[in-house]
Amino acid sequence: MNLAKRILQGEQLTKETVLKIYEDTNIDTLDLLNEAYILRKHYFGKKVKLNMILNAKSGICPENCGYCGQSRDIKQKQRYALIPEEQIIDGAKVAHDNHIGTYCIVMSGRGPSDKEVDHISNTVRTIKSQHPQLKICACLGLTNDEQAKKLKSAGVDRYNHNINTSENYHDNVVTTHSYKDRTDTIELMKANNISPCSGVICGMGESNQDIVDMAFALKEMDADSIPINFLHPIKGTKFGSMDDLTPMKCLRIVALFRLINPTKEIRIAGGREVNLRSLQPLALKAANSIFVGDYLITGGQPNQLDYDMINDLGFEIDYDTCENKENKNEVSRAN
């Protein structure tokens, strides 16, 4: 194949070429993953970036996203308003103590009120005064220009707003907002010099063409960070009984995203534990970033298992991206 070599020499793969490769059953997934690893190693070495999520506001949402346990259609769910500043600040200390590079503050809902943006902004200022090198990612929904400027001024480094799926498949996933609403939000953040983070959820019934289209859309968007989520079906949601993924399919998807976005941070995110299962470590041959700890309303695995996974691969935590560089040997024993 020599895909990695061709890409490093400047070749731009087309959608048609990538789809053909992705669907070719004669191309072994592990061979494809090895091509992705050549690119991952070239641009990121063996380092793994760590991220942590805080669910700062839960279950209060008017949207009908078919994958989400916080959507308006779910009656039994965890509901609480935006938590106090002190709790968010405490979460930042946990992130610092666990060698996390990026701390992600997430809110449910269509978008934040001005009061909520002020609350988050004040909190971020305090966090930055205590942990100046800890990167802050906000995920608050649809925002306006004034709100984006406030977040930037407060010290927010990155803003996450996932496209989730392809433009073609979008209305099968949610109808209360448009695909353009999502892409416009990312463009707004870029206009305000906030690093754009946008990713996908795979396993919602999308086609192979949709998967390829998602990866190219994020390339065209120039997202700095790309989280790849794998559907963790939640009872009562539209996709609650969906079972469309295997560990090998997940690996093939991650490899494809690396081939199309060779220089970007690619993160294996929600659903990795239940979908990749014993093959989680192999995903880091293509991805260079993970979430540590729990997700929004589903649990992750114990932190130490993630540290061990990184060590066992011969990889290492990317200490260049985290503030806490002390006691490295407690979490990283790689040579």
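Cβ coordinates come from backbone N, Cα and C, glycine included.
As recorded in Swiss-Prot:
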- 43-269: domain 'Radical SAM core' (DOMAIN)
- Cys61, Cys65, Cys68: [4Fe-4S] cluster binding site (BINDING)
- Cys104, Cys137, Cys197, Arg267: [2Fe-2S] cluster binding site (BINDING)
Legend entry - Sorted by sequence, non-Cys104, Cys137, Cys197, Arg267 residues with Cβ within 8 Å of centre, [2Fe-2S] cluster: Asn51, Thr102, Cys139, Arg158, Asn160, Ser225, Pro227
Inset, instruction - Write down the Cα-Cα distance for Arg267 ([2Fe-2S] cluster binding site) and Cys61 ([4Fe-4S] cluster binding site), rounded and given in Å. - result: 26
Inset, instruction - Measuring Cα to Cα, tell me the gap between Cys197 ([2Fe-2S] cluster binding site) and Cys65 ([4Fe-4S] cluster binding site) in whole angstrom. - result: 19
Inset, instruction - Work out how many Å separate Cys68 ([4Fe-4S] cluster binding site) and Cys104 ([2Fe-2S] cluster binding site) at their Cα atoms, rounded off. - result: 18
Inset, instruction - Can you check how the pLDDT averages out over the domain 'Radical SAM core' (43-269)? - result: 97
Legend entry - Residue pair Cys104 ([2Fe-2S] cluster binding site), Cys65 ([4Fe-4S] cluster binding site) - Cα distance, angstrom, rounded: 21
Inset, instruction - Enumerate the residues of the same chain, Cys61, Cys65, Cys68 excluded, that satisfy the criterion Cβ within 8 A of the mean position of the Cβ atoms of the recorded [4Fe-4S] cluster site; list them in sequence order. - result: Glu63, Asn64, Tyr67, Gly69, Gln70, Ser71, Arg72, Ser108, Val174
Inset, instruction - Have a look around Cys65 ([4Fe-4S] cluster binding site) and count the other CB atoms within 10 A of its CB, chains all included. - result: 22
Legend entry - Same chain, 6+ residues apart, C-beta under 8 Å of the C-beta of Cys137 ([2Fe-2S] cluster binding site), given in sequence order: Asn51, Thr102, Tyr103, Cys104, Ile105, Val156, Asp157, Arg158, Tyr159, Asn160, Cys197
Legend entry - Distance, Cys65 ([4Fe-4S] cluster binding site) to Arg267 ([2Fe-2S] cluster binding site) (CA atoms, angstrom): 22
Legend entry - Cys61 ([4Fe-4S] cluster binding site) - helix vs strand vs coil (DSSP): coil
Inset, instruction - Using DSSP reduced to three states, classify Cys68 ([4Fe-4S] cluster binding site) as helix, strand or coil. - result: coil
Inset, instruction - Take the Cβ of Cys61 ([4Fe-4S] cluster binding site) and count every other Cβ within 10 Å, whichever protein chain it belongs to. - result: 22
